[in-house]
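Right, one structure below, let's go through it.
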Amino acid sequence: MACWPRNLGFLPIIFFLLLIITVGISYLIAVLKGDVPVLFPYISDTGAKPPESCFFAQFVNISALVFVALVYVRFKEVDTIEGLPPERVGRLNKASFFLGLAAAFGLSLVGNFQDLYVLVVHEIGAIMLFLFGTIYSLIHTRISYLLHPEYTRLYVCRLRFLFSLLMLVSMVTCLTCEVFANAQWLHHHHQNKTDTEQLWKPTDGGYTLHIVSTSFEWTLAGSFMLFCLTFIGDFSKVSLGLNMFLHVDPFPEPGGSYEEEPNEYTKLYA
């Protein structure tokens, strides 16, 4: 059996750093090009135009794959703990697994379908990421309390609860303010079609609500990344094994006939 090292705590760290690098570099490029304002643009707007959109999409896809791995490892970790009440933890763990995969798919949609060009798909991806990601965090906060004190420390449970609560409040506030801000912006600019919502100005309609919405979106993203970091301690106790089997079909000797034999499997060790 080939095994990963007994320390998968690097997965949450890699996910955290990838998102920091992705958002940081795309934001810097977008600001330098004048595509977004310096003060609290929407995260998606920092990756809406080339060349920042190319970098944003590429690294968001990588981040989504790493998050899938994170979701899978967490699922297997909880699933392999013996003696847990299956009606309480097992169903929650299975539900969170599919929600985590859906959130990762939403993250990929956000990166690949820019809001300037394919707004509907981008918004669907953002809702999947925010909604399913928040529910995922809430479920694993609940699981953490169910695993306390045997498998989860109390301060970790409280940290996860804090970040989950921040995600929930930030998501609701962000989406609510965005709806009203966009309505006021459209009313203010109904005759000027050349203006763009990527460059809000203090004189634009709905500017205050827009800043509230974008600031809470950044809070939501930060809380989600910090929530994932709380898995470092759990994953540091986990190792993954991999069994590989090679299907062997013997070739006939020259001049001989092929004789069918039962399938054989050779185990390969790394």
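Here the Cβ of each residue, glycine as well, is placed from N, Cα and C on the backbone.
Caution: TrEMBL annotation is automatic and unverified by curators.
Lifted from TrEMBL, the feature list:
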type	residues	note
TRANSMEM	7-30	transmembrane segment
DOMAIN	9-237	domain 'CWH43-like N-terminal'
TRANSMEM	55-75	transmembrane segment
TRANSMEM	95-113	transmembrane segment
TRANSMEM	119-139	transmembrane segment
TRANSMEM	159-187	transmembrane segment
TRANSMEM	207-232	transmembrane segment
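Stretch with the most C-beta contacts under 8 angstroms to the transmembrane segment (159-187), considering only 7-30, 55-75, 95-113, 119-139, 207-232: 207-232. Proximity of distant same-chain residues to the transmembrane segment (119-139), defined by a Cβ-Cβ separation under 8 Å and at least 6 residues beyond the stretch ends, is recorded for 44, 71, 92, 95-96, 99-100, 102-103, 105-110, 113, 160, 163-164, 167-168, 171, 174-175, 220, 224, 227. Of the candidate ranges 7-30, 95-113, 207-232, 95-113 contributes the most Cβ pairs within a distance under 8 Å of the transmembrane segment (55-75). Using a Cβ-Cβ cut-off under 8 Å and counting only residues 6 or more beyond its ends in the same chain, the transmembrane segment (207-232) has close neighbours at 9, 11-13, 15-16, 19-20, 23, 39-43, 67, 70, 74, 130, 133-134, 137, 156, 159-160, 163-164, 166-167, 169-171, 173-178, 180-181, 184-185, 200-201.
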